[in-house]
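I have placed the structure first, in the form of C-alpha cells, so that the comments after it can refer back to it.
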Amino acid sequence: MATFKDACFHYRRVTKLNRELLRIGANSVWTPVSTNKIRGWCVECCQLTELTFCHGCSLAHVCQWCIQNKRCFLDNEPHLLKLRTFESPITKEKLQCIIDLYNLLFPINSSIVNKFKKTVKQRKCRNEFDKLWYNQLLLPITLNAAVFKFHSRKVYVFGFYEGSSPCVNLPYKLVNCIDLYDKLLLDQVNFERMSSLPSNLQSIYANKYFKLSRIPSMKLKQIYYSDFSKQNLINKYKFKSRIVLRNFTEFTWDFQLSLHYDLFNNKDKIFAALSTSSLKQFETHDLNLGRVKADVFELGRHCKPNYISSNHWQPASTISQCKWCNVKYAFRDMDWKMESMYNELLSFIQSCYKSNVSVGHCSSIERAYPLVKDVLWHSITKYIDQTIEKLFNVMNPVQVNNQKVISFHWQIDIALYTHIKMILKTERLPFTFTLDQFNSVIKGIVNQWCNVNELDNLPLCTEQTDTLVRLEEEGKLAEEYELLISDSEDDD
C-alpha cells in the first residue's frame, strides 16, 4: 500500500527536478489536524486514509499529512499534483504526458535498482529483494484518475490509487482511462519498466499493474454545495464569503500541454516558477445556486406560516414573543438577503390572506400554511407557478370579467408598497390582484436580490487560480458585484 508515497520519498534524491517536485506532505513531519470521518484516497500522496478539507477548493480530497503543504489541484504552481491534473476532454496526447511524467520522475532501470540496493543496508533481514524494502520500485504506470465533476466541467487527477473503499461522501470518483489510450501500448510500457527488476519483484509489479489497470470506472458523481466545507466560510455583516488559499506563480501557460512541454524542454522555467511561487489568499463571495437552494430549504424548514393569519405589524423575522410565529433564532446566521425576502414574502401573503379570508389570530389552523412553505421551497424550481396558483385559490378568489381576482386592502409597510409598485410597473397599487399579478409580485420578491437563472451552480473556489486572479483584478470577487441585481431594480 501507499506505493506512490514511498516512490516519492525514495526517488526525491535522484535528480534536481525530483527534489523540487517529490516533496509531499505525507513524507514530512506530521502536524495534527482534524479529520472528517471521510475515508478515501488523498489525491496528492494517493494513500487510502481519512481525508480532510482542502484549503484551496474546500473539498475533502487531502489527508491530514499533505494538508500542511496547502496544495490544491487547481493551483497554477507547477507542483506534482498540478502536473498530474488535466481538465476534460481527455485526449491521447494528455495521457501520453502522464506516462512520460511517470517515466521522468520514477524511472526503473539497472542503475536505479543498483542505487536503491546500495541504499538498503544488506543485513540478514534485508539481504534479498523484498517488497518491504523495495516498494518504491513497484510503481506501475496506470491511467486511473480521481475525477471531480463540476457540472459540465470535469477535472482529472491521475495517480496510483491502491486499495478499495466504499467511496461514501467522496467528492470524486475513480475512472480508468486506459480505453482512451491503448491497452497493449500501456502493457508494453510497463513490461519495459519491469524488465530491469529482479524476478521476484517482477511478479509483484505485474500483479499490481494488471490488478489496477483493468479495474472498471466508477459512475461519476456530480459535486453539490453540500460537498464543500463550511470551515472556511466567514460571516461579515451577514455577508458570507469564503477564504481560499492557492499556490500562485507569475508564470503562466496558455495550454495544459505546454506545461508538460516545458517540463521536458525548459526545466529552468519550471524551477523558476517553483522558486518564486507564494501562497495567495482570495476572499471570494459564496453566492451561487447551490447555496441559494440550501438557504431556501432552511428557510422553508424554519418558516412559521402562522404569520399570515396574525395581526403582527413587525417583520416576520423579528417576531420573538409569539410562540406561533417566532423564527428569530433561525436567522442568526442567515444571509440578510434571505431574511429580507422572507419578510417581504410573508408580509405580502399576510396582506392578501387577511384581505380575503376571515381569520383573527395566528393560533388558527389554515389550509394555506403548507402552501406558504411550498412557495419558499419551490421558489427557485419549475414548480413555482403551480404552487402560487394553489395559494391563490385558497384565498377565495371571485370571478370578475371572466377572471379570478382577490382583494388587496390590508396594511403593508412603505418599503413593500414601493417594491410592489416597481414590480407591477404602476403608479398606484390596485385593490384587486389577478393570478398573473399575484404571481409576478411573489416572483419579483424572490428575485429581488439575485437572478437564479444567472447564478453559477457552484462556489468560486472551484475555479482555476488564473481565473481567480483575473476576477480579483476586475473587482469581481466581492459579493457586491456578484449580487446580479434583477432588471426591475434598475428601473427604480
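A Cβ is built for glycine as well, from the same backbone N, Cα and C atoms used for every other residue.
Predicted, not measured: the structure shown is a model, and the values here were computed from it.
Copied over from Swiss-Prot, here are the features:
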{"type": "REGION", "residues": "1-81", "note": "region 'RNA-binding'"}
{"type": "REGION", "residues": "42-79", "note": "region 'Zinc-binding domain'"}
{"type": "REGION", "residues": "82-176", "note": "region 'Important for cytoskeleton localization'"}
{"type": "REGION", "residues": "318-492", "note": "region 'Interaction with host IRF3'"}
{"type": "MOTIF", "residues": "483-486", "note": "motif 'pLxIS motif'"}
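Nonlocal intrachain contacts for the region 'Zinc-binding domain' (42-79), taken as residues 6+ away from its ends with a CB within less than 8 angstroms of a stretch CB, comprise 1-5, 8, 21, 24-28, 30-36, 85, 146, 148, 155, 157, 159-163, 165, 169-172, 223, 227-229, 231-232, 242, 244-249, 251-252, 259, 262-263, 270, 273-274, 277, 279, 459, 461-466. Secondary structure of the region 'Important for cytoskeleton localization' (82-176), assigned with DSSP and counted as helix (H, G, I), strand (E, B) and coil, comes to 32 helix, 20 strand, 43 coil.
Averaged over the region 'Interaction with host IRF3' (318-492), the predicted model reaches a pLDDT of 84. In the region 'Zinc-binding domain' (42-79), the DSSP tally of helix, strand and coil residues is 4 helix, 10 strand, 24 coil. The DSSP breakdown of the region 'RNA-binding' (1-81) into helical (H, G, I), extended (E, B) and coil residues amounts to 24 helix, 14 strand, 43 coil.
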